[in-house]
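Asker: Pasting a structure below so you can have a look.
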4 protein chains.
Amino acid sequence: MAEKRKVVLAYSGGLDTSVILTWLQEKYDAEVITFTADIGQGEEVEPARAKAQQMGVKSIHIEDLREEFARDYVFPMFRANAIYEGEYLLGTSIARPLIAKRLVEIAKEHGAEYISHGATGKGNDQVRFELGAFALAPNLKTIAPWREWDLTSRETLMAYAKERNIPIDFAKSGKKSPYSMDANLLHISYEGGGLEDPYWEPEEDIWRWTVSPEKAPDAPQYVELSYQAGDIVAIDGVTMTPAEVMIKLNELGGKHGIGRLDLVENRYVGMKSRGCYETPAGTIMLRAHRAIESITLDREVAHLKDELMPRYASLVYNGYWWSPERKMLQVMIDESQAPVNGVVRVKLYKGNVIVAGRKSDNSLFDANIATFEDDRGAYNQKDAEGFIRLNGLRLRIAASKGRKMD
Amino acid sequence: MAEKRKVVLAYSGGLDTSVILTWLQEKYDAEVITFTADIGQGEEVEPARAKAQQMGVKSIHIEDLREEFARDYVFPMFRANAIYEGEYLLGTSIARPLIAKRLVEIAKEHGAEYISHGATGKGNDQVRFELGAFALAPNLKTIAPWREWDLTSRETLMAYAKERNIPIDFAKSGKKSPYSMDANLLHISYEGGGLEDPYWEPEEDIWRWTVSPEKAPDAPQYVELSYQAGDIVAIDGVTMTPAEVMIKLNELGGKHGIGRLDLVENRYVGMKSRGCYETPAGTIMLRAHRAIESITLDREVAHLKDELMPRYASLVYNGYWWSPERKMLQVMIDESQAPVNGVVRVKLYKGNVIVAGRKSDNSLFDANIATFEDDRGAYNQKDAEGFIRLNGLRLRIAASKGRKMD
Amino acid sequence: MAEKRKVVLAYSGGLDTSVILTWLQEKYDAEVITFTADIGQGEEVEPARAKAQQMGVKSIHIEDLREEFARDYVFPMFRANAIYEGEYLLGTSIARPLIAKRLVEIAKEHGAEYISHGATGKGNDQVRFELGAFALAPNLKTIAPWREWDLTSRETLMAYAKERNIPIDFAKSGKKSPYSMDANLLHISYEGGGLEDPYWEPEEDIWRWTVSPEKAPDAPQYVELSYQAGDIVAIDGVTMTPAEVMIKLNELGGKHGIGRLDLVENRYVGMKSRGCYETPAGTIMLRAHRAIESITLDREVAHLKDELMPRYASLVYNGYWWSPERKMLQVMIDESQAPVNGVVRVKLYKGNVIVAGRKSDNSLFDANIATFEDDRGAYNQKDAEGFIRLNGLRLRIAASKGRKMD
Amino acid sequence: MAEKRKVVLAYSGGLDTSVILTWLQEKYDAEVITFTADIGQGEEVEPARAKAQQMGVKSIHIEDLREEFARDYVFPMFRANAIYEGEYLLGTSIARPLIAKRLVEIAKEHGAEYISHGATGKGNDQVRFELGAFALAPNLKTIAPWREWDLTSRETLMAYAKERNIPIDFAKSGKKSPYSMDANLLHISYEGGGLEDPYWEPEEDIWRWTVSPEKAPDAPQYVELSYQAGDIVAIDGVTMTPAEVMIKLNELGGKHGIGRLDLVENRYVGMKSRGCYETPAGTIMLRAHRAIESITLDREVAHLKDELMPRYASLVYNGYWWSPERKMLQVMIDESQAPVNGVVRVKLYKGNVIVAGRKSDNSLFDANIATFEDDRGAYNQKDAEGFIRLNGLRLRIAASKGRKMD
């Protein structure tokens, strides 16, 4: 008797992936292995176990990956000051490579030939999952139900689920948000619904992690962030793991109305898409990291990082975390971070992250040279003449030969 | 009898340049021609006339350049979304090319062989003035007193001024700020004094143009900005010139505590320097411009702009406005802006600039394609499979030949 | 009675596209409109008329596009010094946008909804044709027989042709080259056959346009190329059109064994591919253009061009000629070429293109400054000290604070 | 009694640096320590000892640095495929960092506060020496006689030498070349003299290391180069050290007329300069390295390297070898080279370096996928449709909204 084909499914426990689970069993006669991870989405993952069992799943993987996620994905990315299209902090993008990696590892463990996920055919996530799988296990195949089936509306999904007694929390799904959401330690995102009109401002109750700046405390709060090699290792003097850092900063940022973002972005698949994001910790981390770099990084190193940043961000956004070019850039970025040590003091107040001070034993800021006061010869102002004259030589020659520069 | 050497001086009417004026007359036996411009610094320029006359100046140029400054310098730069080192909006940098250009033109008009300025030998401004002069008038010479004389402290300057009856507003200079300041339509900057310790947070009363977020109104304000070819042409439906736009947005931003910045930057001459900046209009303009671009620019055009932006910003910062490479980049950027038309709605609240909507007749956002609902065939989800498979082909081949990507 | 669907086919007159013609008539019941262009491939295009007529085609377009191809595609690309992956001169890539444009225009003229081409599903050409069509006529559909049918070998094609009396020059196809070839004014390419082993050196008789360096004349030949705005406008003093320039340089280069290339390149669809190319004119043009730029372009303009060149080359290679980002780069490149005027003298000898001299009224080379002899004060050597000291200041500060740079 | 100031001089034994030696003793009352290195310039270094002794030098350092030069400077640079301004292989530039490093080390050893060199104030070499010294020993001072003294012509130098009995090989200097030359394992360069007219073609007898292509052997020669991690480790199967590789390839290249170059380059100090170069080994190494990379590097890694190459080359050219940004790029480049292993076969013939084959156990070339023959399903041609459709989606949307792309 032939063995069933094994499929490792990224299973959240929600409606969509529960339907997928059953659909895989039915359509592909598959033995489904579920994988559910806590990456800080803020919902219990254990309930997924009972549901999977109820649907006959024998191999159930439920894991707390928050620490690994923060340490090996979010933190390295923030060393690059990565922002996609000037605004987006890549909250969804950065979670996918870890999920892909675990799907692949579990598939290898079980000798499964397939993985499956609940991402649609319009979005970036399918690309991120599948490119990751290609890079880590080239022969693994992916089943992407949303690209195959005709259950294209919420109603058909619900009907399918009811018909087959799929265990759905109908009470919960009754009051379902009109938005498509995604959450992890770094952010929560909202798409769809009224957001599909980019001129429409979302109502206040769309936001879940942050209070509005208006409702944030009237008193600012100062926080001290300690850096080692580009990473935050302590908050207000208390040593923390990467995940603890993010949990704490999400709490602080959320309380002070920090990290809301409303934007239109360009998806890798070729369309523009409107999204709203809450990234409290990330918003603080980006600004603070730039502040500590501002005193510890060499100018040209900083500029090189800035020029390559958009490319790095696109790689992460487009799903190329597991690629030789991302790795190559990461090696370079990490090399630059050795001296990025010290303390940044930030003031949090009603949506604002204000840098209030930065210091470091590795500081390259030299008050003796920069001073407006007498510097006792630390800097010879006459040097500037030659500096300007030779930097301008090509311009002078060109102008004297009649080139117009205005 | 030999003609005196003519020197065109960038004259503010303040202590430093008044001393320079006299020093040039004395040391170089020069006929000094003064040039004083209103570029929105918020101080009267006419008083400079009486002072210059009192010091014997015969050719006095006092000009209102606010419109030219906004239209030909600030606005083109904002089409590039230029930020230096991730934070600085280039408020001082962008004013220098215009001053350099007028100095050169006035020198040509008078047949002067020299220009002079009050910038120190440690800063970027000397570079910006002098590179501009090289590019526009290669044979013009510059006298930079700060690189020559030994009046290196405020005390010696004051003594020099007193001794020669240089007309100084001693009342005003008595209560002089401990900071070195520079202002124009785009910003006001503060350097020196206590700021030379980057861990020290400036006291509240350093700031002159903005209220603190804490003291800003409790009620947010919505503003509608209309764009044509990348430039704001109307606010709340009222057509305005570039300078009017900036004056209005400075007023609105200042009222809502918007645009304060405290940073450590890398100067072109090789040192790190701490500066505080208020850029109310610029802060609003940058965010709003990105918002209108987000719906009107092609993805790859936007990404190309983003990748070249740091280089453009460095060119402006380093004083290469009048250079063939800046012009070359500008031509490219301007080319991209033809479709950047439409309206952005922003919400101003206690330091925050929140994008609340964007719309455009040139929008490339297509709700029919992006929708989470049934798109009636506008997008074929099956296309994604081939897209992913071929984008991943090189990764799959590499992985199947044993390359490690984790 | 329903109208037949109209398909505009890029028709070469050869076996493959003749089979496609019939297959479209048969499979799609299509009214096929043929388009055959002379872009310098070196074969008669008129014979395609009789064949098309014989297969019942009523609308036959045969055009000499050599001048347009050279002027609007090849020449603009050479202004960029475009080379893909350090070696490839983009000979095939640059011909596709023109073909795509004419297919689209002819389709519009006839009210056709389809175009069709003979490019395979593995190559770059399908991408170039179809992206071009998307950009120029978004609703036009493409039929790509090689991605649809099962005539996947030469034998099945021949059988299909015989069975249907498709007019093939069997004599000619009998002695068919084992290589897949493509030719136009810029190059001829060879792929497939024994070339699929990258360690195998092609036999001498693969090459068609150039003699081997060994067989080239023993006497070198000097040629003088005159440039205007970056384009060659005369050879040895004789004014020529762009196509005439290319024809002449192909003749000269071919005679002297110039322009052979054997390489492995990365295709856009994700695989590596071995190709051999002959690009006699292009090889001369690239080197000579760099030579005229070397004396007429500003340093920073030249460097900016060099840094963006790989991206420009990738855009052309990947099929994005008709894209806003290519256009944007082109505008910038063209802006830079205004002063690229003058004369370059090259020596051609057995595979070598040796620059033997360059001169220009727009030269920025200044012997008075560069000279090793006494320059009479044109350059003040003391300026170098300040130049070096300030360029090195950040390094000195870093080193003095203990940073290691070795 | 005060100790004399110690100066470590980069001493070649030639006229210029012999005069400098004496001048330092005389003008600065210095104890001069000489440093003479064999970096492959092809002249004996030992004669410098007797001359230095004759001039009273007590501490004489004569070193054979060829191996270190090839291994730690030339080879790492060739991993980057570095070319400055599209042509120049950086032969002079790459030798300076090593000289700077040894000058600094010797100065530390002797407790010297000064170094000195014979580079002029117009060139790049002064910058390279002095930036290196700043980076490695921030407090070390440099004496650059050419920027100080008035011995500005050959005649005054000779007179100075004669007057002081400086040991010059007058026989040799009598027939001195009219060109300024510099040589090391990587190249020999010529500047000045008749070359100051860029339209003048140098006479044949300027060249010293290579025969002319015309006089090169009529029979081609095949050579097999073995690579490990991006470096050549064997020639024709014989294992060699880096310096041995270069010596062998210089010999082979020189014999076959390979590596002559005649160009106008842009110096860092702001002027254009004409130079002729012979780089036999380097010319072969560059082409062969690209060939081995073509089959072993991932496409995106190769493209990233190509886009950063001009910047890397400028860093080396401008004297920033000892800088954190060069190091950062090097780390990234070296990371990419792990799989760059295998064999390249090149054919050398009358100035041509022709790649005749490349193979590697790490090859990513996959004939099964690339083949024009039946690939038995290795590649699904239908994938291309989705690939093209989604890559073109943004273009289609834009075109359908009326954007013009031609």
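Placement of Cβ uses the backbone N, Cα and C atoms for every residue, glycine included.
All annotation found in TrEMBL is predicted automatically rather than curated by experts.
The structure displayed is predicted, hence computed values, not measured ones.
Below are the features I grabbed from TrEMBL:
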type	residues	note
BINDING	A:Ala10, A:Tyr11, A:Ser12, A:Gly13, A:Gly14, A:Leu15, A:Asp16, A:Thr17, A:Ser18, A:Ala37, A:Gly118	ATP binding site
BINDING	A:Tyr88, A:Ser93, A:Asn124, A:Arg128, A:Ser180, A:Ser189, A:Glu265, A:Tyr277	L-citrulline binding site
BINDING	A:Thr120, A:Asn124, A:Asp125	L-aspartate binding site
DOMAIN	A:6-167	domain 'Arginosuccinate synthase-like N-terminal'
DOMAIN	A:179-397	domain 'Arginosuccinate synthase C-terminal'
Asker: If you measure from the CA of A:Ser93 (L-citrulline binding site) out to 10 Å, which binding-site residues from the list A:Ser12, A:Gly14, A:Gly118, A:Asp125 are inside that radius?
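Answerer: Final answer, ordered: A:Asp125.
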Asker: Tell me the Cβ contacts of A:Gly118 (ATP binding site) under 8 Å, same chain only and six or more apart in sequence, or just say none.
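Answerer: When sequence neighbours closer than 6 are ignored, A:Gly118 (ATP binding site) has A:Ala10, A:Ser12, A:Asp16, A:Thr17, A:Ile20, A:Pro145, A:Trp146 within Cβ distance under 8 Å.
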Asker: Which binding-site residues among A:Ala10, A:Gly14, A:Thr120, A:Ser180, A:Ser189, A:Glu265 have a Cβ sitting under 8 Å from any chain B Cβ?
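Answerer: So the ones by chain B are A:Thr120, A:Ser180, A:Glu265.
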Asker: Just how many other Cβ atoms lie inside 10 Å of the Cβ on A:Ser93 (L-citrulline binding site)?
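Answerer: Taking all protein chains shown, A:Ser93 (L-citrulline binding site) has 27 Cβ neighbours within 10 Å.
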Asker: Taking only the Cα atoms, work out how far A:Ser18 (ATP binding site) lies from A:Thr120 (L-aspartate binding site), in Å, as a whole number.
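Answerer: A Cα-Cα distance of 15 Å.
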Asker: Can you give me the Cα-Cα distance between A:Thr120 (L-aspartate binding site) and A:Ser180 (L-citrulline binding site) in Å, rounded to a whole number?
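Answerer: Between the Cα atoms of A:Thr120 (L-aspartate binding site) and A:Ser180 (L-citrulline binding site), the distance comes to 11 Å.
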Asker: Counting across all protein chains shown, how many other Cβ atoms sit within 10 Å of the Cβ of A:Asp16 (ATP binding site)?
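Answerer: Cβ-Cβ neighbours of A:Asp16 (ATP binding site) within 10 Å number 19.
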Asker: Whole-number Å distance between the CA of A:Arg128 (L-citrulline binding site) and the CA of A:Gly14 (ATP binding site)?
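Answerer: With distance taken Cα to Cα, A:Gly14 (ATP binding site) is 21 Å from A:Arg128 (L-citrulline binding site).
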Asker: Determine the minimum-neighbour residue: among A:Tyr88, A:Tyr277, listed as binding-site residues, which Cβ has the fewest other Cβ atoms within 10 angstroms?
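Answerer: Each of the binding-site residues A:Tyr88, A:Tyr277 was scored; lowest Cβ tally within 10 Å is A:Tyr88.
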Asker: Averaged over the domain 'Arginosuccinate synthase-like N-terminal' (A:6-167), what pLDDT does the predicted model reach?
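Answerer: The average pLDDT of the model in the domain 'Arginosuccinate synthase-like N-terminal' (A:6-167) works out to 96.
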Asker: For A:Glu265 (L-citrulline binding site), what residues in its own chain, 6 or more apart in sequence, show a Cβ-Cβ distance under 8 Å?
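Answerer: Listed in sequence order, they are A:Tyr84, A:Glu85, A:Glu87, A:Tyr88, A:Lys272, A:Ser273, A:Gly275.
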Asker: Around the L-aspartate site (A:Thr120, A:Asn124, A:Asp125), what further same-chain residues have their C-beta within 8 angstroms of the site's C-beta centre?
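Answerer: Near the L-aspartate site, beyond A:Thr120, A:Asn124, A:Asp125, sit A:Ala119, A:Lys122, A:Gly123, A:Gln126, A:Val127, A:Arg128.
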Asker: For A:Gly14 (ATP binding site) and A:Tyr277 (L-citrulline binding site), determine the Cα separation and express it in whole Å.
Answerer: 21
Asker: To the nearest Å, how far is the Cα of A:Tyr277 (L-citrulline binding site) from the Cα of A:Asp125 (L-aspartate binding site)?
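Answerer: That comes out at 16 Å between the alpha carbons.
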Asker: What does DSSP assign A:Ser180 (L-citrulline binding site), in three states?
Answerer: strand
Asker: Given A:Ser180 (L-citrulline binding site) and A:Asp125 (L-aspartate binding site), what distance in Å do their CA atoms have, once rounded to a whole number?
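Answerer: Pair distance, Cα basis, whole Å: 13 Å.
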Asker: Looking only at Cβ atoms, how many others are within 10 Å of the one on A:Ser18 (ATP binding site)?
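Answerer: Its Cβ has 28 other Cβ atoms within 10 Å.
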Asker: How many other Cβ atoms sit within 10 Å of the Cβ of A:Ser180 (L-citrulline binding site)?
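Answerer: A:Ser180 (L-citrulline binding site): 16 neighbouring Cβ atoms within 10 Å.
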Asker: Around A:Asp125 (L-aspartate binding site), which residues of its chain at least 6 apart sit with Cβ under 8 Å of its Cβ?
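Answerer: A:Asp125 (L-aspartate binding site) has long-range Cβ partners A:Thr92, A:Arg96, A:His117, A:Ala119.
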Asker: Restricting to the same chain and to sequence separations of six or more, state which residues have a Cβ under 8 Å from that of A:Ser189 (L-citrulline binding site).
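Answerer: Listed in sequence order, they are A:Gly91, A:Thr92, A:Met181, A:Asp182, A:Ala183, A:Gly275, A:Cys276, A:Tyr277, A:Glu278.
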Asker: Hey, what's the Cβ neighbour count for A:Arg128 (L-citrulline binding site) at 10 Å?
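Answerer: Neighbour count, Cβ to Cβ under the 10 Å cut-off: 29.
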